[in-house]
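Enquirer: Sharing the record's features from TrEMBL:
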ACT_SITE  Cys122  active site, proton donor
BINDING   Pro32, Met33, Ala34, Gln91, Lys163, His193, Ala249, Arg250  FMN binding site
DOMAIN    30-339  domain 'DUS-like FMN-binding'
Amino acid sequence: MSPTLESIACRPLAAPFYIGPLLIDPPILQAPMAGFTNFAFRQIVREYGGAGLLATEMVNARGFVWLDEQEAEHPDRLWGVAEEPRPLAVQIWDNEPATLAKVGARLAGEYAVSVVDINFGCPVRQVTQKAHSGSYLLKHPERMGDIIEQVVAACAPTPVTAKIRLGCTRESINACEIAQVVEGAGAAALTVHGRTAADMFRGSADWDGIAEIKSHLHKIPLIGNGDLDSAQKVVDAFQRYGVDGVMIARASLSKPWLFAQAAAAIRGEPIPPDPTLAEEKQLMLHHYELVCERFGDERGTMLMRKFACCYAQGRHGAREFRKHVGTVVTPQEFNQVVESFFPVG
Ligand SMILES: Cc1cc2nc3c(=O)[nH]c(=O)nc-3n(C[C@H](O)[C@H](O)[C@H](O)COP(=O)(O)O)c2cc1C
């Protein structure tokens with residue numbers, strides 16, 4: 001039986017670890033999430049603390065190069081990256097080693113990011129079938145090796161990491177083989193989401209599958225990811241599965257304070273309480289302000305709809321709030337819906 005949080009008396013359960021020269025402390029990472037982990041969201045996570053490394057949404061390397069050639073502005077997904085505090089990882093995706101290397105070099109040099117992460121896990125058709133990238137590459141370990149080698153060479157001394165799933169399908173799980181390729185090609189860490197691409201988000205993450213990979217890595221840390229939605233689950237992940245770090249994605253959208261709670265738990269310290277609903281409402285309005293500052297009122301309001309739904313998630317009245325906030329267009333409408341429908345108890 002794993003220890004409960006109450007039974008852990010001020011004894012750190014998980015040590016900080018290194019990604020190349022970078023100390024990850026606490027060993028809890030904020031996952032890249034397309035459409036969500038933009039500068040505003042990362043700012044909120046930073047304000048609560050507890051994440052040892054934050055990450056952007058995935059950025060398409062080919063698109064980045066194209067914008068460069070047009071002398072256009074860099075992708076929206078790099079909003080805030082240049083000025084933001086570190087550590088920060090930028091995740092890139094594509095299947096062309098040279099293109100990824102070119103963009104990696106720009107991010108490591110001009111943007112001075114802390115880590116360049118390569119996406120080998122995205123299961124979305126547009127990325128896999130149309131662009132032969134993301135999790136599609138799990139079927140092509142040699143290509144993955146080429147990509148990583150070239151990106152590592154282009155980014156040095158900035159560390160390069162890889163994020164994968166267990167395999168393409170349950171019948172073709174090959175994460176242990178892939179782990180050796182990733183390490184052999186010079187990556188500085190491996191993150192594994194414990195599902196296959198075919199699973200999408202169905203079923204539970206297979207943490208035994210993640211744990212199995214550990215003995216195939218000799219030099220680089222293993223970061224486990226999947227279904228961590230409480231401080232206790234983070235404690236369990238470290239205790240039961242021997243990972244060096246953990247990564248949290250979906251649960252942080254409705255609880256950006258979860259990193260701080262998990263960090264306290266692994267230090268054996270009292271867990272900070274969830275914010276009250278009034279505090280959560282203020283937090284959401286702060287998030288809204290950050291989004292509108294960047295995108296203007298109209299686009300900011302549209303973009304904020306999905307974040308607002310996340311904040312209300314799991315609360316009494318969330319469905320009614322979602323229904324109304326899903327249609328707002330102006331700041332007046334947004335504020336009115338928040339005042340009338342944001343859950344109060
Ligand atoms: C809306 C959404 C967007 C995502 N975008 C990315 C992405 O850009 N890059 C990536 O590597 N994984 C992405 N993921 C996968 C997550 O990083 C993570 O691996 C997955 O959600 C499992 O972790 P969780 O159970 O903590 O959510 C995304 C997941 C969601 C739900």
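Just so you know, glycine gets a Cβ as well, placed from its N, Cα and C.
Note that TrEMBL annotation is computational and uncurated.
Describe the structural context of these features.
Expert: Its Cβ taken as reference, Cys122 (active site, proton donor) is surrounded by 23 other Cβ atoms within 10 Å in the chains shown.
Of all the Cβ atoms in the protein chains shown, 26 others lie within 10 Å of the Cβ of Gln91 (FMN binding site).
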Enquirer: Using the residues the record lists for FMN (Pro32, Met33, Ala34, Gln91, Lys163, His193, Ala249, Arg250), what whole-number Å value is the largest Cα to Cα distance?
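Expert: Max Cα-Cα spread across the FMN binders: 17 Å.
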Enquirer: At a 10 A cut-off on CB-CB distances, which of the binding-site residues Met33, Ala34, Ala249 has the highest count?
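Expert: That would be Ala249, with the most Cβ atoms nearby.
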Enquirer: How many whole Å apart are the CA atoms of Pro32 (FMN binding site) and Cys122 (active site, proton donor)?
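Expert: Cα of Pro32 (FMN binding site) to Cα of Cys122 (active site, proton donor) measures 11 Å after rounding.
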Enquirer: For the C-alpha pair, I'd like the distance in angstrom between Lys163 (FMN binding site) and Cys122 (active site, proton donor), rounded off.
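Expert: One finds 9 Å between the Cα atoms of these residues.
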